[in-house]
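Positions annotated as active site, nucleophile by TrEMBL: Asp7. Feature annotation from TrEMBL assigns active site, proton donor/acceptor to Asp9. Annotation comment: TrEMBL describes 7-9, Trp23, 42-47, Ser50, Lys76, 114-118, Lys145 as substrate binding site. Annotation source TrEMBL lists Mg(2+) binding site at Asp7, Asp9, Glu169, Asp170.
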Amino acid sequence: MKAVLFDLDGVITDTAKFHFLAWRELGAELGIEVDEKFNEELKGVSRLDSLERILAQGGVSDKYSPAEKETLCTKKNEHYLELIQEMTPDDILPGILPLLEELRAAELKTIITSASKNAPGILALLQVRDYFDDIVDPATVAAGKPAPDIFLAGASLAGVQPADCIGVEDAASGVEAIKAAAIAAVAVGDERVLWLADHVLPSTANLSLAVLRRTWMKAKANG
Ligand code: BG6
Ligand code: MG
């Protein structure tokens, strides 16, 4: 194991709840209900793809032009940015800082493989940018999660083979993307949602270098 590919939202910090609030409000304005169950399907999914799914949920996929969709995405993002602007290093999820320290000490590569265009800003608010060797720019990958592209790009930025990486995710679409890239996957959250992962942990507090190594070995053995 040479590199760890990190999702951001829901793994490094709990922005998932702010994405949910912002989509729920936009949905309400459009007359479409976004509840927590449906929101699970939006986790890991890009901004525009999330909007498309919400419109499909409301049966209005064809109602808005590309320019109108762009405006709706901007509106959601402005609300989201308002919600997250108070974030500080105290909002880093439990276990993440000790893990990042362990990875640094072990000289493993660390890459952010998030669908979020806000990732650089969030890492700055949390003051953790220096723990990561690089950030994949989601605008440069052809297909979003659950396609494998962003994790393959992460392995490439780390300068290692996918087989030498492990990915950390909280979303079903993200775990699917990791496995489609033939990369070992550790997931944080509900096992019933994240069952495709090689190992599921209830909380980020359970993450450690030892757990990542064990999961990577298990995935390798399962081939
Ligand atoms: C993912 C989130 O990390 O990033 C999604 O799980 C979000 O909920 C996606 O839609 C895109 O984020 P952003 O910040 O570019 O709108
Ligand atoms: Mg996530």
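Placed from the backbone N, Cα and C atoms, the Cβ positions cover glycine too.
Features as recorded by TrEMBL, highlighted on the structure.
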{"residue": "Asp7", "record": "active site, nucleophile", "DSSP (3 states)": "coil"}
{"residue": "Trp23", "record": "substrate binding site", "DSSP (3 states)": "helix"}
{"residue": "Gly44", "record": "substrate binding site", "DSSP (3 states)": "coil"}
{"residue": "Ser114", "record": "substrate binding site", "DSSP (3 states)": "coil"}
{"residue": "Glu169", "record": "Mg(2+) binding site", "DSSP (3 states)": "strand"}
If you take the centroid of the Cβ atoms of Asp7, Asp9, Glu169, Asp170, the listed Mg(2+) site, which other residues of that chain have their Cβ within 8 Å of it?
Leu8, Gly10, Val11, Ala16, Lys43, Gly44, Ser114, Val168, Ala171, Gly174, Val188
Non-local Cβ contacts of Lys117 (substrate binding site) (under 8 Å, 6 or more apart, same chain)?
Arg47, Pro138, Ala139
Could you tell me the C-alpha distance between Glu169 (Mg(2+) binding site) and the residue listed as 'active site, nucleophile' in angstrom, no decimals?
5
Hits among Asp9, Trp23, Arg47, Ser114, i.e. recorded positions with CB under 6 Å from ligand 2, come out as Asp9
Mind running the recorded positions Asp9, Trp23, Asp170 against ligand 1 and keeping the ones whose CB falls under 6 Å of it?
Asp9
With every protein chain in view, how many other Cβ atoms are within 10 Å of the Cβ of Arg47 (substrate binding site)?
24
Identify, in sequence order, the residues in the chain of Ser114 (substrate binding site) that are 6 or more apart from it along the sequence and have a CB within less than 8 Å of its CB; answer 'none' if there are none.
Phe6, Asp7, Leu8, Asp9, Ile135, Val136, Pro138, Ile150
By a 10 Å Cβ neighbour count, the lowest-scoring of the recorded positions Asp7, Gly44, Glu169, Asp170 is Asp170
Spatial separation of Asp170 (Mg(2+) binding site) from Trp23 (substrate binding site) - C-alpha basis, Å
18
How many whole Å apart are the CA atoms of Asp170 (Mg(2+) binding site) and Gly44 (substrate binding site)?
8
